Amino acid sequence: MFKCWSVVLVLGFIFLESEGRPTKEGGYGLKSYQPLMRLRHKQEKNQESSRVKGFMIQDGPFGSCENKYCGLGRHCVTSRETGQAECACMDLCKRHYKPVCGSDGEFYENHCEVHRAACLKKQKITIVHNEDCFFKGDKCKTTEYSKMKNMLLDLQNQKYIMQENENPNGDDISRKKLLVDQMFKYFDADSNGLVDINELTQVIKQEELGKDLFDCTLYVLLKYDDFNADKHLALEEFYRAFQVIQLSLPEDQKLSITAATVGQSAVLSCAIQGTLRPPIIWKRNNIILNNLDLEDINDFGDDGSLYITKVTTTHVGNYTCYADGYEQVYQTHIFQVNVPPVIRVYPESQAREPGVTASLRCHAEGIPKPQLGWLKNGIDITPKLSKQLTLQANGSEVHISNVRYEDTGAYTCIAKNEAGVDEDISSLFVEDSARKTLANILWREEGLGIGNMFYVFYEDGIKVIQPIECEFQRHIKPSEKLLGFQDEVCPKAEGDEVQRCVWASAVNVKDKFIYVAQPTLDRVLIVDVQSQKVVQAVSTDPVPVKLHYDKSHDQVWVLSWGTLEKTSPTLQVITLASGNVPHHTIHTQPVGKQFDRVDDFFIPTTTLIITHMRFGFILHKDEAALQKIDLETMSYIKTINLKDYKCVPQSLAYTHLGGYYFIGCKPDSTGAVSPQVMVDGVTDSVIGFNSDVTGTPYVSPDGHYLVSINDVKGLVRVQYITIRGEIQEAFDIYTNLHISDLAFQPSFTEAHQYNIYGSSSTQTDVLFVELSSGKVKMIKSLKEPLKAEEWPWNRKNRQIQDSGLFGQYLMTPSKDSLFILDGRLNKLNCEITEVEKGNTVIWVGDA
């Protein structure tokens, strides 16, 4: 090759001497030494040979290109019009990649392209010896740049397969890192740990990448990813360019436990670190939180922290964080919410004669479970414990046998946990009842007075029953008139020989009023507890069947069917329910402008530590969805779709420990029942199935026990929910009782524990289960219940009613009797006969 160039060089000098200068058409102001410049720039061979041939061959036709030299970037063409030889800009240059910058600031793939551009632009363009133009211009768009990098990875992958005869092992991220490491090693020709522009040029030549990179070149790597602008690419910058993100999470921080007190704010920080760490994504119950518009979780911060503005017990649970796109490296945060103790004592005061037994009980709720202690007149009673003075049920009860005058005092129960302290006083007076003293004024035999009574609504009116001695305190007859009105409690219906009452649902409103539905009279009666009289009738839509008292907003919700066939059900609300004012109903906002689809509704009940509920749900007939409602505005908020789980909701229960809703589903057309579906109250998202647990869910007042009744399988399943919202495996109880209703009662032997009582829809027994141990017992011989067809208002044809936080009695009706159970002794206390269809029972009182 060098010999050929030498011949041309010599000939160039010879003919310049003999022929003189080239014509002016040869280029823009070309000098006599232009051939030397041309040869140094390696002018395209066809153009060079044409010029040499034109000088050497003297006898060719004057107008042909044989004798015409056009200069760099141009070539000779014969005009179709004149037939004369003319110079024109070259159509294309031979493919050859040696990039240069032109004085016009543009990037050119080789010298020929510079001269061709000078011809086309009719301007002088020289070579500029720097690389600034390599990084200018916008031909290489972001999308094209990404495509180029993907293509480079594909090429490297193919190389690896050819060299190793196998695919790279590991996950996508590990494989990508391996390929980028190998690519960098190949690019870094001098192995100095840096890739410069010359090495990129060398790769372009070796791999012939000049025209195949989507309007991009390898130089764009320096333009976009030279992080420190030193015109070199280090391995870390290569990682950045190809998004090989190396994340780190210390082993001891993979699991983080955070506790906050209810009502405060909380910040969960993600410990995942790494250069170019992508944005942090947070999940709860596998639902991404970043994309949700949540009131209480609405700021993720520049550092990716999760910020909870006002902590509640619904926020309890596990949160995971990871860098976007790198979910395999994640940190788990166990978030626990502590709640200060709330105490109730019973009784607040009592008087006892010397020689009898006195009991002072304390119930405390909080998270974690509070520790209990007692003071007498400000002094710890622990050193004074004896056979006569004992602590029972894990310290929740002070038991004094054979009381003496010196036992008189103020007994203070103190509850403590990590979040705070609470206390309350129970006063004991010991003296002769015949003496007219303060103690005599405060005298209150347990079970006497207007409180601590069962109210039973049956065919012959309303009976008020004291459970200890099973005594009637009051009988409100059907013919009794409403206080101040002429209306009767149960007017005689046409065709009836005997004046009878028909009742459905009833609710206790702050131990002040009882609201009770009369479905055949299209109204709700209000019973005043103080006077034990019916004081008002509130008209409703036809056939009111279900009432619920929303204590948070002091309103009673009323579900009416419209007809006995449930053809036009509606929801109404009675506001200011505990007020001494005339009451009336207002309609809720229809969901989808349709009232006639309402099948049921659910509003969680408040507890000692959870005193406010904001939301409820409406269930539509045969619809696999929940309609969320705002209890304050009584308006629709959103729909939670359950179609993916093929669940038409039939029953709901709620625990504040994590804010979970448990949904019992209706059987399908074949009678099969799908497992319960769980919904997260924080995100309103479906979490999934509650394992394989089926049936009607019930949750204990403290939120810790979920009891599910599957009547088809005769199965009772008990699950425990921890203070961290973890749902533990169930234990099973098989029974053929066909459970109708369930009641929870605080344990008399263990603090912070509950027992359940289940009534039977077909049999004469009641099921007892000690939830902490799984101990089971039957209380027998309670007579047959009402037949299901005799109680059309709901599925609970045999109700069972507890007697409050400290009460030891429960009541359950049979077809024509009432049975009072003693929960402390786990036995039947008494039977009250001649009470027909008394399946609406309410407890009023402290205990």
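Including glycine, each Cβ sits where the backbone N, Cα and C put it.
Annotated in Swiss-Prot:
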BINDING   Asp188, Asp190, Asn192, Glu199  Ca(2+) 1 binding site
BINDING   Asp226, Asn228, Asp230, His232, Glu237  Ca(2+) 2 binding site
DISULFID  Cys89-Cys119  disulfide bond
DISULFID  Cys93-Cys112  disulfide bond
DISULFID  Cys101-Cys133  disulfide bond
DISULFID  Cys270-Cys321  disulfide bond
DISULFID  Cys362-Cys413  disulfide bond
DOMAIN    83-135  domain 'Kazal-like'
DOMAIN    175-210  domain 'EF-hand 1'
DOMAIN    211-246  domain 'EF-hand 2'
DOMAIN    250-337  domain 'Ig-like 1'
CARBOHYD  Asn318  N-linked glycosylation site
CARBOHYD  Asn394  N-linked glycosylation site
SIGNAL    1-20  signal peptide
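Sequence features annotated in Swiss-Prot and their locations in the structure.
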| residue | record | Cβ neighbours (10 Å) |
| --- | --- | --- |
| Cys101 | disulfide bond | 20 |
| Cys112 | disulfide bond | 23 |
| Asn192 | Ca(2+) 1 binding site | 10 |
| Glu199 | Ca(2+) 1 binding site | 19 |
| Asn228 | Ca(2+) 2 binding site | 10 |
| His232 | Ca(2+) 2 binding site | 17 |
| Glu237 | Ca(2+) 2 binding site | 22 |
| Asn318 | N-linked glycosylation site | 16 |
| Asn394 | N-linked glycosylation site | 15 |
| Cys413 | disulfide bond | 26 |
Where does Cys93 (disulfide bond) sit in DSSP terms: helix, strand, or coil?
coil
Taking the recorded Ca(2+) 2 site as Asp226, Asn228, Asp230, His232, Glu237, identify the other residues of that chain whose CB atom sits within 8 Å of the mean position of the site's CB atoms, giving them in sequence order.
Leu194, Leu222, Phe227, Ala229, Lys231, Leu233, Ala234
Other same-chain residues whose Cβ falls within 8 Å of the Cβ centroid of Asp188, Asp190, Asn192, Glu199, the recorded Ca(2+) 1 site, in sequence order:
Phe187, Ala189, Ser191, Gly193, Leu194, Val195, Asp196
Predicted model, mean pLDDT over the domain 'Kazal-like' (83-135):
80
Whole-number answer please: how many Å between the C-alpha atoms of Asn192 (Ca(2+) 1 binding site) and Cys362 (disulfide bond)?
77
Which of Cys119, Cys321 (the disulfide-bonded residues) has the most other Cβ atoms within 10 Å?
Cys321
Using DSSP, break the domain 'Kazal-like' (83-135) down into helix, strand and coil residues and give each count.
15 helix, 12 strand, 26 coil
Can you check which residues sit near Cys270 (disulfide bond), meaning Cβ under 8 Å from its Cβ, same chain, 6 or more apart in sequence, and list them in order?
Ile280, Trp282, Asp303, Gly304, Ser305, Leu306, Cys321, Tyr322, Gln331
Please report how many Å separate the Cα atom of Asn318 (N-linked glycosylation site) from that of Asn394 (N-linked glycosylation site), as a whole number.
31
Taking DSSP states H, G and I as helix and E and B as strand, how many residues of the domain 'EF-hand 2' (211-246) are helix, strand and coil?
13 helix, 1 strand, 22 coil
For Cys101 (disulfide bond) and Asp190 (Ca(2+) 1 binding site), what Cα-Cα distance in Å is obtained after rounding to a whole number?
25
Among the disulfide-bonded residues listed here (Cys93, Cys362), identify the one with the smallest other-Cβ count within 10 Å.
Cys93
Long-range Cβ environment of Cys89 (disulfide bond), under 8 Å and at least 6 residues apart:
Gly73, Arg74, Arg116, Cys119, Leu120
Per-residue Cβ crowding (10 Å cut-off), top of binding-site residues Asp188, Asp190:
Asp188
Let me know how many other Cβ atoms fall within 10 Å of the Cβ of Asp230 (Ca(2+) 2 binding site).
12
